[in-house]
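Engineer: So TrEMBL lists these for the protein:
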TRANSMEM  35-58  transmembrane segment
TRANSMEM  92-115  transmembrane segment
TRANSMEM  135-154  transmembrane segment
TRANSMEM  217-240  transmembrane segment
Amino acid sequence: MDIVRSPISTLNHIYEISGVEVGQHFYWQIGGFQVHAQVLITSWVVIAVLLGSATIAVRDPQTIPTGGQNFVEYILEFIRDLARTQIGEEEYGPWVSFIGTMFLFIFVSNWSGALLPWGILKLPQGELAAPTNDINTTVALASLTSVAYFYAGLAKKGLGYFGKYIQPTPILLPINILEDFTKPLSLSFRLFGNILADELVVAVPVSPVPLVVPIPVMFLGLFTSGIQALIFATLAAAYIGESMEGHH
């Protein structure tokens, strides 16, 4: 019985760890599920900002772009170059939209935590913050990246994609499998940890000196937030390119 209970006990401990939270949260009950309301609210705001900005910028496209259209095309070209560099000239095209969505959502989410006055809106519990300040958001983004690079590899190589796990020698099979688990973990915890740390670093000096000290710290937070979005998008594109090449 001890042998049987051990795995069950281990699963129970993992379930308890998954319930660990940072701060208080405001929940909505949707069906039989409990969801973090503040994450949904701020995510909808970020999505609305992205859709609204894109709609306004390209509502009257010109042959010679100016103003907002010029800025949007610059961003698109930047994302294309990123995807082309990491995935390859021949394969990058279909993945520009995925990489661009990841980059823009994370970028705007990170900046929203520093620029938008979320504290004005009061909740029964907890407070509003950047969507990427919640581990559930970063894990979801990392999981989507994992699905994307598995799909990319299988779409190009079929079941032969799994041959990479025994290359260059079958002895490395456990390590190669473990690598696919560490990739999403690394992506999610890196993004979550950095954004949470940025917001805490800004929040601490705001209390004693609310006008002077936080300003340079906030500018530093904006810079690091943009870098984190770029790192996530770059790694996501690199993993997709790697899965289609079939080697490490």
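Cβ coordinates are placed from backbone N, Cα and C, and glycine is handled just like the others.
Help me picture where these features are in the structure shown.
Structural biologist: Same-chain neighbours of the transmembrane segment (92-115): 42-43, 45-47, 49-50, 75-76, 79-80, 82-84, 86, 129-133, 137, 141, 144-145, 148, 152, 191, 195, 198-199, 202, 218, 221-222, 225-226, 228-230, 232-233, 236-237, 240-241, counting only residues six or more beyond its ends whose CB sits under 8 Å from a CB of the stretch.
Outside the transmembrane segment (135-154) by six or more residues, the chain places 22, 36, 39, 43, 95, 98, 102, 105-106, 109, 161, 164, 180, 183-185, 187-189, 191-192, 232, 235-236, 239-240, 242-244, 246 with a CB less than 8 A from a CB of the stretch.
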